[in-house]
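Straight from TrEMBL, the features:
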type	residues	note
REGION	413-433	region 'Disordered'
TRANSMEM	30-49	transmembrane segment
TRANSMEM	61-82	transmembrane segment
TRANSMEM	137-158	transmembrane segment
TRANSMEM	221-241	transmembrane segment
TRANSMEM	266-287	transmembrane segment
TRANSMEM	294-312	transmembrane segment
TRANSMEM	318-340	transmembrane segment
TRANSMEM	352-374	transmembrane segment
TRANSMEM	380-403	transmembrane segment
């Protein structure tokens, strides 16, 4: 836990530094390096936060994962609103005597679509002159807003006596048994004793213990199959999130819909808004419904939504309805799949890294793939690609359920002895270093 919290502290602090530096980058190579650092930091935060919630709360982790991803969606919805007041409606650089030369900017957006590359020659955008943008303030405001996060993580490190120079006088924020949500009063003494013993179980020694080859000796092929199929489901569903939010605007302004640019600009916001709403609803739903059932509903809902979008492809109204529906169904897929897979694998935390990596790769690769297909085949292929990805996600989910039924069950003797004791002490021992 100490290693994870230190990594969270460094990563969250790096994000504030990166956002503060971005407006000062006057070279595209420097900007690319800075953005790569931000991506690394965000990847660390995504993986570690999911993994630690699974390892600490175990069977109760589904609720906490839904809450975590609600705030992910809420941040994605909120940050453009913070930046919007600082964005210029005209060209950011105005040459002398050309203050009104950028009035055609809305038409330039149209010309940037795949089928109008030649139209750019009609517009002479000045590259030197007075800079009128105030977008730098948006980055600096985001850097300040993020600063409380590393401060809070450092406070947690301090309270848990994990800071080398400040571990003498502080009292732990949580005792070992307080983290267990289902601990019986009579078990407290035994839990405390187990927490004080040095913990050496495989898979929990340190942050990188999941990668050690000794942990893979003697495991069945279904162990790897569950990891791979779970990652492939998230590869497809998170890829759909990335490609839909990235290209729904381009699809809407093209024929046959030809939506007005300002109206089409609401579609990505509507999509992320319903993702956030869906994750908020899922916090309560996950308390009553199993993660496997939630993933099934999500994947089938995505398939049906894309099918209806293809049938009513000429309807602007249904494009907005379908966008909202797709956001709802995709909202809880990631946390529900995480909880389901870790439930199969007895909450070791190792699957989380594989699933988060698969989701991130899917979000990157499918956007590149769909962008090139739209450029060659036209805007209608945007929905066809979504339908294909949805079918693949359902197929991989069916395979995951199949491998779940083949996966060996935990030892019944341990469960009969004490369900809580079998799961709680090893993580509690790790928490109280």
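Just so you know, glycine gets a Cβ as well, placed from its N, Cα and C.
Just going by CB pairs under 8 A, the stretch in 294-312, 318-340, 352-374, 380-403 that sits most against the transmembrane segment (266-287) is 318-340.
Note: the stretches the transmembrane segment (352-374) and the transmembrane segment (61-82) are not in contact (fewer than 3 CB pairs below 8 A, sequence gap of 6 or more). Taking residue pairs at least 6 apart in sequence, the transmembrane segment (380-403) and the transmembrane segment (221-241) share three or more C-beta contacts under 8 angstroms. Proximity of distant same-chain residues to the transmembrane segment (318-340), defined by a Cβ-Cβ separation under 8 Å and at least 6 residues beyond the stretch ends, is recorded for 50, 54, 61-62, 65-66, 68-69, 73, 230, 233-234, 237-238, 240-241, 244, 248, 252, 257, 259, 267, 270-279, 281-282, 285-286, 290-292, 294-295, 297-299, 301-302, 305-306, 308-309, 312, 351-352, 355, 359, 400.
Touching of the transmembrane segment (137-158) and the transmembrane segment (294-312) is ruled out by the presence of fewer than three CB pairs under 8 A, sequence neighbours closer than 6 excluded. Outside the transmembrane segment (380-403) by six or more residues, the chain places 222, 225-226, 229-230, 232-233, 236-237, 239-240, 243-244, 247-248, 250-251, 292, 295-296, 299-300, 302-303, 306-307, 309-310, 313, 340-341, 366, 369-370, 373-374 with a CB less than 8 A from a CB of the stretch.
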